[in-house]
Amino acid sequence: MAESHIMSSEAPPKTNTGLNFRTNCRMVLNLLREKDCSVTFSPEQPLTPVTDLAVGFSNLSTFSGETPKRCLDLSNLGDETAPLPTESPDRISSGKVESPKAQFVQFDGLFTPDLGWKAKKCPRGNMNSVLPRLLCSTPSFKKTSGGQRSVSNKENEGELFKSPNCKPVALLLPQEVVDSQFSPTPENKVDISLDEDCEMNILGSPISADPPCLDGAHDDIKMQNLDGFADFFSVDEEEMENPPGAVGNLSSSMAILLSGPLLNQDIEVSNVNNISLNRSRLYRSPSMPEKLDRPMLKRPVRPLDSETPVRVKRRRSTSSSLQPQEENFQPQRRGTSLKKTLSLCDVDISTVLDEDCGHRQLIGDFTKVYALPTVTGRHQDLRYITGETLAALIHGDFSSLVEKIFIIDCRYPYEYDGGHIKGALNLHRQEEVTDYFLKQPLTPTMAQKRLIIIFHCEFSSERGPKMCRFLREEDRARNEYPSLYYPELYLLKGGYKDFFPEYKELCEPQSYCPMHHQDFREELLKFRTKCKTSVGDRKRREQIARIMKL
């Protein structure tokens, strides 16, 4: 063993740091296996060489008793050209290049692996998410200055190593922890293990979403970047150095910290509500948590027992002003009730119908009511009279109101010749009605009396109503609304068919010829053709007249 140790010390250092690191690991593993001869059989599964090496490194002493070892320059991890100091000159001469964790480690004696100990591993992919970082609520730490490191490490100047390519990580190490770890006689040692860091990361913090990052976790990240051995170097060497009493004290204090509140500088949101929401938020304090700087979306809920003088005064004034009003309204409620303002929705529908009926009782120019009694018929816009009313009108019963009666028979000539009412005019074409009534409008000789026009056909269902509407439209077109030449127009209900059986004495000849008589089919076709032609011509003339007006 001594010869192999001497040969390894005299071997020249290699330029490749990764190969030197693996060679040293194998050499240390061989030394440990040669020393550990007492354990020949283990009930558990044998450890791999790298795991065995990790267990050996976990029991190594941090202090050499001589010159204290310097902490790595953690601020220059992101710089590829940043130099990393090597071991002391005696280590360099021996040709051994240790890992970043091994710079602080020295063999204290023989090592016998513990059979009950199991290596704690963390997944390589989740290393960044598991490792904690310093929160904003932790005490302020001082960064190790480069000047102090240069003064205390003059003896370590020598061969430099290239820093591996890795993402720069900003770390803040407490000065007290650095002093306690690397001083020859530390007074207070800080015991921080990876397990406790993982537990703290799981608990999290309500203010910062970034997990804290400590020195041990940073070393694990660097080992992972070097050669992928982060899974095997998860145990902190400081846990092995501390005595059982100190570990117990630290574990109890850690339990108190974990069971207590997470933040010692937590600020209640209720206190922030007192801050004015209108205050400018352009200059936010960097130490103020982000969630407390956000604008409040809801109005702050005031306690029920908070009575301001203004509110009390306002309540008293309103209550005092309402009391006399209530006293004044009480007798009015007993005597008379207030009437609601009338709106269109409150009007009774029956009243509206009555008013409409009243307007419908007026003649076309809205100046007088109808002189003859009317009844409802098939066409709601026209006024109907019965045969009895027409017979009374012919007999002169309405002579005091009516000056002259015009009975217009809208049937075809062969129907008119077959039987018609006495004194009726046969006008079955629209042009004939226009020429008779509108070319020279007729007026009553006496203002108190009226001119009445009564239309009818065989049933008063089609031809009579059409002629009545035509005359009203032409009359409206020739006069300014609502003036009319003939404001009073009527329809004989049931037509000649219903009037002839009851009043034959008022018909001449006393007979009845229907429209669809077998003897007058040819004449029926001829008159229908003429009527359609006249209607087409009339529409054409109306269109031409409208174009001329434009």
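Each residue's number is its place along the chain shown, starting with 1.
From the backbone N, Cα and C atoms, a Cβ is placed for every residue, glycine too.
Per Swiss-Prot, the listed range annotated as region 'Disordered' is 76-98 (candidates: 30-52, 76-98). Shown in sequence order, D409, C410, R411, R463, G464, G495, Y496 are the residues of the chain, 6+ apart in sequence, with a C-beta less than 8 angstroms from the C-beta of C457 (active site). Helix, strand and coil counts under DSSP for the domain 'Rhodanese' (401-508) come to 41 helix, 26 strand, 41 coil.
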